[in-house]
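**Q** Below are the features listed in TrEMBL for this protein:
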BINDING   Gly165, Arg166, Ser167  NADP(+) binding site
DOMAIN    6-120  domain 'Tetrahydrofolate dehydrogenase/cyclohydrolase catalytic'
DOMAIN    139-281  domain 'Tetrahydrofolate dehydrogenase/cyclohydrolase NAD(P)-binding'
Amino acid sequence: MTARIIDGLAVSRQIRAEVAQRAAALTARGVKPGLAVLLVGDNPASQVYVRNKVKACQENGLHSVLEQYPATLTEAELLARIEALNADPTIHGILVQLPLPPHIDAHKVIETISPAKDVDGFHVASAGALMVGQPGFKPCTPYGCMKLLESIGCDPKGKHAVVIGRSNIVGKPMAMMLLQASATVTICHSATPDLAYHTRQADIVVAAVGKRNVLTADMVKPGAVVIDVGMNRNDEGKLCGDVDFPGVSQVASAITPVPGGVGPMTITMLLVNTIESAERAAN
Ligand code: GUN
């Protein structure tokens, strides 16, 4: 079997077009959706990420504010800035780029963001809402993975989904979203003794570990759908995922490539969350 390639760029483009329409409709009603992006320090990867987030806002009719602070910014100063943005009616989403410098407690920072503006979906209130199936912002990367499954008509209901990875940003919320969609969910992680035993039973595998070749062809049931959240570099310095793409694409029925799979969806879902926040504020 040669797997269908799930085109994250195409899905992303379609959702962004819908975002742009909703942004235009809101703007016509006098509510321009606004996202504040805060970066502390000069992590080069973070600088690229925040620039891409601001660019995506500009391209789709959202207002964005990029605030860059030196690594010497104190925790109290950052918290005060977040409080001010919480109270700013022109801002509907607040994103503090992670990682933060070690003297700043990321948990405290996230908990200071108003859940109504927590477009990253990292606040404990957002995580709790997802857990109990209440409305709230969903973390962008797993939310994007759900949209990719939807794009190929893959309904998780009644399927066995195996999530590899248990991070708060991807693995855990991914498992919750799949459960909410009525999949039977297994979460595997670094202490799982026999990963292949689990993945071989999966109809859907989501790999979110951050390590190359975590999932190889012999670990995949023929016809499974494989979503690769990994962003790694191979020996030649080329971007690659957690999945052995050449091998697994011979066994799976559908698979996301890296790049061009999950990657573009993260920022897209950030735009969706920001629009939703603005729509709630406008109604
Ligand atoms: N650092 C890496 N990914 C993310 C993300 O999705 N949101 C934030 N705030 N920081 C990140």
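Every residue gets a Cβ built from N, Cα and C, even glycine.
Curation does not apply to TrEMBL; its annotations are automatic.
Locate each feature and note its surroundings.
**A** Under DSSP, Gly165 (NADP(+) binding site) is assigned to coil, being neither helix nor strand in the three-state scheme. There are 24 other Cβ atoms within 10 Å of the Cβ belonging to Gly165 (NADP(+) binding site).
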**Q** Other than Gly165, Arg166, Ser167, which residues of the same chain sit close to NADP(+)? List them in sequence order, counting a residue when its Cβ is within 8 Å of the Cβ centroid of the site.
**A** Val163, Ile164, Asn168, Ile169, Val170, Gly171, Lys172, Ile187, His189, Ala208, Val209
